[in-house]
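Student: This is the structure I have questions about; it appears just below.
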Amino acid sequence: MKLSPLLALPLSLLPFILATPAPSGTYTEHLALRPLPSGALYAGFTFTATTPLPAYRAQHFRLFPRSLAQILQHAHTEELHLRFALGRWDDESWGPRPRGGNREGGAGVEIWAWVEGGGDGVVEERWSELVNSLSGLFCASLNFIDGTRTTRPVLTFEPEGTHHRRHRQSESEGEGGLVLMHGTLPHEVVCTENLTPFLKLLPCKGNAGISTLLDGHRLFDANWQTLSIDVRPICTPAPDGSGEEEDCEMEIQQTVDLVLDIERSTRPREDPIPRPRPIEEIECDTSKAYHGQDTCYPRPRAGEMGWSLAAIFGAAVRGNCHLSGGGDGDTRDVSLHLASPRPVQVLLNNENENENAATNPPSPPPAPLNANSSSSSPSTLQQHLYTLPSPPGQTFDLRLPPTTSPPTPENENAHPPLYATRHITGSGQEHGAMHATLRNPHPHAQRIVYFEALPWYLRGFMHTLVLSYTEGNDHEKEEGREKEGGRVLPVEKMFYLPAIDRQRGSQLELQFVVPARGAVALTYQFDKAVLRYTEYPPDANRGFDVAGAVIRVLTPSSAFSSSFAPQPHSSSTTNSGSNNSGSNNNLTTTPQAQHDYYLRTPPLLLPLPTPDFSMPYNVIILTSTVIALGFGSLFNLIVRRFVLVEEVPVSPLLGSLRGLGGRVRGRFGGVVGARFGGKGSGGGGGEGEDGGGDGRGGDDGGDGVVREAVGVGGGSMAAGRGPELDGDGDGDG
Amino acid sequence: MDALRQVYHDHPRTVLFSSAAALRILLAVTFPGLSDLLTGRVEISTPVNSFKRLQEGLFLYERGLDPYDGGIFHQAPLLLPLFSLLPSSLTWVGRFASILLYTGLDLLTADCLYQIAESGAAHTSRLFSSPRKDRTWKPISVAAVYLFNPFTLLTCLGRPTTVFTTFFTVLSVSHACQAQAVTAAFALAIASYTSLHPVLLLPPVGMLCYDRLCVQIAGDSDGLASDGHPPDKALDSKIATDQRKQPTSLSFSIQIVATFATATAFLLGLSRLLLPSWQFLPSVYMTPLTMPDLTPNPGLWWYFFIEMFDAFREFFLGVFWLHMLSYSVPFCLRFQKQPLAAVVLMMGVVAVFEPYANVGDAGAWLSCLALLSHVFEVSSAHRYTFPALATLLYAALLGPAFHHLWIYAGSGNANFFYAITLVWSLALLILLTDAVYSVLRDEWEAERPEGKGREVRQI
């Protein structure tokens, strides 16, 4: 009984083994390094694994992570994009985003997927299965992506994979049509517990190759970082041009993009706290007028900081992860982009073989490179390519000594296609307004899609939506003119789905053109809802996170394709199996989609009015009292009738009680009256005075006691005061 | 000056109405930002009547979307085509046009109140005639109280859609006073269609209409001018003799309920023609029932249901609604002799206890209280009217201040505003109780003239 499946397994696999060629899937990994201005370093890790689609369907995995694949198959998900992000990409100083923003997520967790639909409610159910399973897999709160956080964008996202015959039916959501679902969790804090499952999906599990650099302590210390997972099917058309698609593969691409502060990362581990350096080590700027014997103005750093992989990531790269078999010599694992020529040392196995990359290349020659890079990047940019050493256990390190010459100034092309900021304006916790500014630094107009998924407790008023356009690129000018109110810009397309309380968030998609060298301000007003007291998080007065806007720049000209966007090794490698994003784009259903530039604004913090959380019982009691008062007095008037006071009939029970009371009063009243009455008549005023005197004496005595008690209780501290107070009390007495 | 006085003497209504309209327009013109400011105030605009939300619904409606497929707009569908005729209220012209519309509504309401007061239904009915009926205010004063009530004035500028409800309610009462059952039921159906709670007024309005009908028939058969002031004795004798001529109360109530139901069904069907789906029904009528939107208002519900434990929410919603329902029939039974008093007092119950309470409803009720002006003497002599009015003033002044402290300054918390809404509701309740007392006392003194001015007990 147990044997039969065991026997059946190889038999069932046989056809696939026979059908597919020997290497069932490929795996490549790549690390791109690029120093950025102001002492930052960009590091982009790319891990790409593929598996043939038949093997994927038959659950036959070698390089593709089984845990993720089974979840995707169970939830009927054809294409998945998952992002864990932290921090903010600094457009102004770092330039365009890596990979054209295509592997970037809004802060927190962002997920979107194309799920196979099949009638009413099926998509929602599958989506819920997907996010709940992924929540378990990645230790993230993805299960909180419910109906209120799920949207279905229309214009913003295009599938990256090949979904022949199906994905355009998503609007009809008919049988088998693919439906795009999108959800964000802006409040989620991405941390080590998300990285560990991420690394486990890799074939080398972070034990060999460039993934050995991914240490949680360094990764989450970054100024900006994104972990992304993208799963998509890819089909290459048959070579004979018959139109039939074959050679379909599932590809999983995992990327880690981060920007590290070199100074903070290279801080010694034994002394991680930033301290002021001793004055002798600081170089003073003697040109300042206030420089003197006792004052020192530190001179700004002239050149770029020196760094090495080991210093920044805590350890050098250990071993390699060349699993694809064949074509090993062609893979380039590490690439380094430098804006200006700079000596680079490669350290293998801790032997200090100082090799300048330009003169004495390491094992694979890093030469071919300027030819590649010149097409996509400025001519001054230098590119070095390295392959990790083959023997396992050998370490690989790059070291760049500090330079003294100032870094080359930014060139014009470093402008990203669009600058975007988004704020909440207005004061108070009742009304507010959203204000997004999109600035086009280029001399040509750009068509963009602006997408926002808003929580239901932010009630936007779309009739107040205004797109106003101001010319000029200067910030000051722009702000000055906004106050005057610029020209109103038309919206080309608008998709808006209003929110329903506690059921659905609102979704806004706008398509419009940002004119050349101009800024567009998008504003609309909203109301802040008051929630039930159980719906507030424990830190209610912090406010609620609102996911950032996703902006898709639709038609960028080729001049702005980011220097990061095409994978550096995609053009140099000849391995047909390593399908990188660059080479596959032409095969997707919408070829231009991949080239679109995406950017996301940082999330916003929305303060909502809060009730008093300690009051539920008090409120219930007080409100009920008022209502009961009204109810009682109204019905009291309604059900009873008026009579004159004299006519009020005496009820028999009341009468007997009164009689009893009268008798008691008569008996006791006589006795008491005799005693007190006699004394009262005899004593008169004297007694009253006595009483008063007694009272005062008693008061004073009491006071004295209390004060003494205080003196004693205070111990030595109050000892000095005690007698004095006592004396007061005595004097009064 | 004399000429002015002469004009006022000759055409008091014209002078009054034109001055009220001029005041509203003047306010809107001199302070252009005032109306939008008032639209944003929680005391005036609630989720079910806010003018801003109406604009949002209009925006969706004009673009062919279902405005009820969302959580913002909960107002009656037929308002949409009406307001889409006006220019956009974001412009100066649109704002002015909306102010003009609401001013017109206010004037019409005041005119209805004038007619109600003129009909004398307040102090004279089929079974009863008040001994204090000579103390009734002049109809022009009642209309003036409505038009120059500061709450009504602010509401007119804030433009909530409950002004429509008020107008149709008062219109229905005015038709009922003229014994026009069909139009009264139709107007009440429109009022209930725009917001749910005027349904509660159906029994008292029906009773009022029946009462006036009987009076009219009696008056006609007696050969008297049916001006609403038939001599008491003649009336009494006629009632005794002409019982047969009157319509039976059962058939009359069936008639009025049927008219009401037909009119409501007609309005809902008309709305369905305008909209793509029936989704407006839960959106418009379930919202006041379940109170999903807990925006603060001067009523008793919002903070109660913010702080309510989830397990008991449905229970207390049921209790609160049953509580409101529980007044309608007892009032009808007790105020059988004075049906207009039943209507006015029921309006008061609604204004105090409705889920999305607002100042406009309270102000309209306070103005309608002037219809019962003949009994003010009783309440001011025996009850707490002055403290209640002082408290009302106190709450009206401190309410916005406390709201500011909570929402804007951050130096107070929600309890500040909650406390002031409690005080506001308490003051309204005391006024309501006083009104009930005086009406009942007046009725009792008609039977027992010797009890006038003496101390009484209730047993």
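Start at 1 and count along the chain as shown; that gives each residue its number.
For all residues, glycine too, the Cβ spot is worked out from N, Cα and C.
Below are the features listed in TrEMBL for this protein:
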type: TRANSMEM; residues: B:252-275; note: transmembrane segment
type: TRANSMEM; residues: B:300-327; note: transmembrane segment
type: TRANSMEM; residues: B:339-356; note: transmembrane segment
type: TRANSMEM; residues: B:362-379; note: transmembrane segment
type: TRANSMEM; residues: B:386-409; note: transmembrane segment
type: TRANSMEM; residues: B:415-440; note: transmembrane segment
Student: Given the cut-off of 8 Å on Cβ pairs that are 6 or more apart in sequence, determine whether the transmembrane segment (B:362-379) and the transmembrane segment (B:300-327) share at least 3 such pairs.
Tutor: no
Student: With an 8 Å cut-off on Cβ pairs and a sequence gap of 6 or more, do the transmembrane segment (B:339-356) and the transmembrane segment (B:415-440) reach 3 or more such pairs?
Tutor: yes
Student: Can you name the far-off residues of the same chain, 6+ from the ends of the transmembrane segment (B:415-440), with a Cβ under 8 Å from a Cβ of it?
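Tutor: Here the qualifying positions are 296-300, 302-303, 334-335, 338, 341, 344-345, 348-349, 351-352, 357, 362, 366, 369, 372, 375-379, 382-385, 387-389, 391-392, 394-396, 398-399, 402-403, 405-406.
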Student: Hey, which bits of the same chain come close to the transmembrane segment (B:252-275), Cβ under 8 Å, at least six residues off its ends?
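Tutor: Residues 66-68, 76-78, 80-81, 181-182, 184-186, 188-190, 192-193, 202, 206, 209-210, 213, 281 contact the transmembrane segment (B:252-275) from elsewhere in the chain.
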